[in-house]
């Protein structure tokens, strides 16, 4: 892959991540942020494992685009979980600050670790390392994230229909 072609590997992730943040946030709000977070991290794990075995240009770009969609599921749901877990405004502000700081540090260290893997081992290990990190995070999320507060409803069929209607799939599709 040439240098100009390799930018698509990064761009595919960034484009799909940015495009799907809106719908991911709405899914997290309407449904369950715990489920959205665990699904996103699990998706990152599975897609990263697949990406590690790919050697061709187009499939790796597609895998990175799919990984961007899975990653977009994690950010809004993580913020929603932080807000729900820390109801006190001061604790909430600290938790969101730590979340943002960890994101910045991870961005820097991710580039350094990825560069070391590419330089000394193989680019395949960049993806496999992501899967190695994502698998325990998803598993820990299942057990450590508290269950959401469920509102009492009288009719079990109406809320499901109302949830799908509140997603506004046509409007989200146009924006995406």
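Along the chain as shown, residues are numbered 1 onward.
Cβ atoms are placed via backbone N, Cα and C, with glycine included.
Note that the structure is predicted; figures quoted are calculated from it, not measured.
Taken from TrEMBL, the feature domain 'Major facilitator superfamily (MFS) profile' covers 1-176. Residues annotated as transmembrane segment in TrEMBL: 7-24, 36-54, 61-83, 95-118, 125-145.
Ranked by number of Cβ pairs under 8 Å to the transmembrane segment (7-24), the listed stretches 36-54, 61-83, 95-118, 125-145 are led by 61-83. The average per-residue pLDDT of the prediction over the domain 'Major facilitator superfamily (MFS) profile' (1-176) is 86, rounded to a whole number.
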